[in-house]
């Protein structure tokens, strides 16, 4: 048995917000607590016979410790408990290796520590009390300190990672021939197969006809592959509603929407992703992805891909992990479109129950409601699910650009409770694909079956069936634990690079077919991949993360980050080389046979070689699965569902007498569906990839309000795609048809603010979340589907894909609590010009902006199901509706024409919160007042202002006002002039009148504070409260940033000379890097010859750096930053002899430069290339293979979380060659990092660096001065330091991302005169590097 070594690490004094949150949570539960001390323990599985040598121990201690300290790691614990202390150790469940362990092991291997095969991290706490703590105190502390779904308590230090007991084989037969249906019923119960009575009868009869018993693995396989989750029985079934047989299935009805829309789908209803006809674009790609090579410009037809799905059950059980794997699964859906596609950007949405935030009263939340123990509380879902989705996207490198968040917990008039106990975690994704890769090839005998991605773990066994249980909570809790998955974005990123290499292969894509692994695991994905030809699969050929896995687990576990593909044998070497270069496992697990059967051979005892030869087994090898594909995947009898409508009990809305507009706003503006989503947008990357033209945040204060997300199809073009969301589930409690129409209307009134090719080109993903098999709900879903189909036919848009989740109910005690029926519409389309987008922020204060209101259901002011009703714990009777779809068609057309002619300044849709909220949000985002008068006689004020009838509010300038009004009115639309903008600034007044009577008059900053309050309350629970309070105070007073280009600033221009000199720069990336493509674009735009180089290339000797003048160390999360920011990357450079020598030689050459951004900045600091003692020789790095003693490190942001901000920086004087001529400029730039706080080894060193101009970049406040104010300084670095350079100026390390702002359309906000720039000032940084290389400087 391998020994487990323990390395204890004490806190270094700057650990982010987590310890503070932990302390506050503990003190809230244990008032008698007097003190908390913590340490980490790295539990290292050491497989060598001898214990680590002194040198190996030194490496391990360097990896685990802080390089600025010498004594923070020990082999014995730092925490020695006294008699009144409680010592607790918690960490991950040990049933499989965590992603953290996987990445640490990768680092260890890169540094020559081969005997390390597992490293799990535990947290240790010493809690001090005045008296000896009781067992009850220990139980409370343990419950507070760990997540029972993914973690466990360790009463003693870990001594072994070997499981205490081996799982049962579970390969035996189920005795249907002897016991009939009873045998299958027993297996159904024991394995949690979620088979209903129809399934039990069907499979019993089938195996009796075959005259054989199914194996346990086959029964499990059938349950997963044919679960509601996978087969969509309800949508494809025969429905009877109130005794009437529906002519078409719901799926057929949805497909019929294609008949009234333009035929621009190149893929629809397949692959979990759809695609529409795109455009010809120019783009960069490496010449040869199997080796280091230069980027070259190519041109081709790129289509737009979209997919959306939900991950509700796992998120309800374990919010963080469920959301990470939901995001990862949807990313794989995009990857696996056709024969491989490009991931570009994501969307996210969350629906949860009443939050019950401690100390924050939301009057509509009922404190008497009880919550089940097997689901996370809504507050945990709101924070941790969004943390999980954000963390996965951040580390993978996919920006999240749009979304929604909604809460509901309400008792209906009939006594029924409706709440999202089982939450919604929605994930959408937009991507692109080459036209040549649309169609998958049919499987042919002899094709190789390959699994690419992470090894097999005992994760998510039974997830597909578990999520199909009719009412969540009816399954056993053990099986709920088994269905939880955990994500590894680092592995997914490596897998994505393998797929992208195939897609970009110069001699053609070797992938014949590609499918992502999800519900049902290998059993499902390998059947889909091999259908209809059939395949033989061998268990010995899978890479196992756990040798104790049985055949059922190998076949059925939903371990994440895995895809399956087919390729022809001649392309085997290509895939092998790419996988090795990207360090991503690729396992050739079987072969297409052509016999139309799927056969799993368990040959682990006696492996069968690839050529079919091998040692003769003593007995025939077991085949846990041997099924005819037609029998499993072929057309099966439709299930019939007999449904009854159950009309809701209605009560008129009864608002308090004399309720003022301000009093109503005090509630409505704090409702999660209406309130600011800043707590979501600030922690998720919105710029990575460099293809983002419009993300959520708009205006001078970056207010999270954008209606539409826009991306480019290439860095080189203004052609792109737009997507927007629509969902109105609360209205479904009154009328599901209305909710469906409004979801479509909301998606289109959001999308309308981006210029698209044509309304009839718009396609939609429809995602249905409903408790469809409970009384009344299935009929409601059918009605909603009918209404959606009808309104889409009238509008000319169509559905081309989607998913369903039909078990949206949970058991709470003896009560079944259903979620509201929900339809999420994701509309998407091609953008011919990504710059022709309008945002909601008012842009022309001081009365220069005129406000227009286009009502799409004129004369209607219904309050049923609105935010106002919900805030008074009611629904009301009559919901708003899209009464005249033709109005939306005309309004869409007119608005698009105005965008094309650049006649609109801003625009926003009327939705949650009504007209008054729409107007206020535009003022909030523009940071200015407004003065409006709504002329609607004979209607009460609250109905006029808070009805959520679909509509648009627009800002136009005086010269264009008459023309805009005329265009709408000539189209027969109801277009009212409401008023104009007011003064600028947070103290400007908002004055709202109805029919001439003033009903609201308050400073915009005060109203905005109400709107931001719920978000800041949630933020205090996920970030350092002092930082949150600082941002909240700042928003009340800020005017907005001021940018500055001094007169001496060079006039940046794109080098145009054909055939001119192109210095060579290496875009160097490591495992987990994700900022390489935008970096390549920036250097290419500046005239460099740009090369794609990996650390593996340097380690293997595939290339050296002698011919390169520059190296760019890119952003991302190398090795997921598991040991600290860029620590793994620094270890690979320091301890790998070949790679380290190559980089040392490069640095010593006087004709070279380097740029480190974000993760690259963290790396250069660790290596000592920047930040060392200015008085020492900068060319010396110390002896080979010895870590540098850095002068500074990049540590956790003071906020304690990842920060995504559009911040300002000031360029100062100094020797940095890349910033020459830019001194004095104050420019906005993307910031996206979790560890950017510059920790200097001493105040003296900081003073020397500042005095010598070696910190040439500082975070700037709104006046352009260096600042430590949060969030203007997003990480809290002392003195506002944002960048460091070497003494000779050749090496520059910066935390912000100038490479994501080299094109004007990449900017998040451009005030005059920057809004007319055709070239971004940030391009000058890269041009400076080129100019320096051409000068021949040494």
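Just so you know, glycine gets a Cβ as well, placed from its N, Cα and C.
If you look up Swiss-Prot, you'll see 1158 marked as active site, nucleophile, on the strength of similarity to another entry. Within the same chain, residues at least six positions away from residue 1158 (active site, nucleophile) with a Cβ under 8 Å of its Cβ are 1075, 1114, 1115, 1116, 1232, 1233, 1236, 1294, 1295, 1296, 1297.
Annotation note: residue 1297 (active site) sits in a strand segment as assigned by DSSP. The annotation active site is assigned in Swiss-Prot to 1297 (among others).
Its Cβ taken as reference, residue 1299 (active site) is surrounded by 33 other Cβ atoms within 10 Å in the chains shown. The feature active site is assigned by Swiss-Prot to 1299 (among others).
As annotated by Swiss-Prot, ATP binding site applies to 322-333, 402-404, 706, 911. When secondary structure is read from DSSP and collapsed to three states, residue 325 (ATP binding site) falls in the helix class.
According to Swiss-Prot, the Mg(2+) binding site annotation covers 707, 746, 750, 909, on the basis of similarity to another entry. In the three-state DSSP classification, residue 750 (Mg(2+) binding site) falls within a helix.
Among the features that Swiss-Prot reports, domain 'Glutamine amidotransferase type-1' is placed at 1064-1302.
What Swiss-Prot records for 215 (among others) is phosphoserine.
Annotated phosphoserine per Swiss-Prot: 569 (among others), in sequence order. The local packing around residue 569 (phosphoserine), expressed as other Cβ atoms within 10 Å of its Cβ over all shown chains, amounts to 12.
The phosphothreonine feature in Swiss-Prot is assigned to 619 (among others); the stated evidence is a large-scale study or a structure entry.
The secondary structure of residue 623 (phosphothreonine), as reduced to three states from DSSP, is coil rather than helix or strand. The Cβ of residue 623 (phosphothreonine) has 599, 600, 601, 602 as same-chain neighbours under 8 Å, each 6 or more residues away in sequence. Marked as phosphothreonine by Swiss-Prot on the basis of a large-scale study or a structure entry: 623 (among others).
For the Mg(2+) site, the Cβ centre of 707, 746, 750, 909 serves as reference, and the other residues of the chain with Cβ at most 8 Å from it are 708, 724, 725, 726, 747, 748, 749, 751, 752, 753, 908, 911. According to DSSP, residue 706 (ATP binding site) sits in a coil region rather than a helix or strand.
Within 10 Å of residue 707 (Mg(2+) binding site), judged by CA to CA distance, lies none of the recorded positions 215, 325, 328, 331.
Listed in sequence order, 725, 726, 727, 728, 825, 909, 911, 950 are the same-chain residues at least 6 apart in sequence whose CB falls under 8 Å from the CB of residue 746 (Mg(2+) binding site). DSSP classifies residue 1158 (active site, nucleophile) as coil under the three-state reduction.
It is 29 Å from the Cα atom of residue 1299 (active site) to that of residue 750 (Mg(2+) binding site).
The distance from the Cα of residue 750 (Mg(2+) binding site) to the Cα of residue 569 (phosphoserine) comes to 48 Å. Note on proximity: among 215, 322, 328, 706, the recorded positions of the record, the Cα nearest residue 569 (phosphoserine) is that of 328. Looking only at the domain 'Glutamine amidotransferase type-1' (1064-1302), the predicted model's pLDDT averages out at 95.
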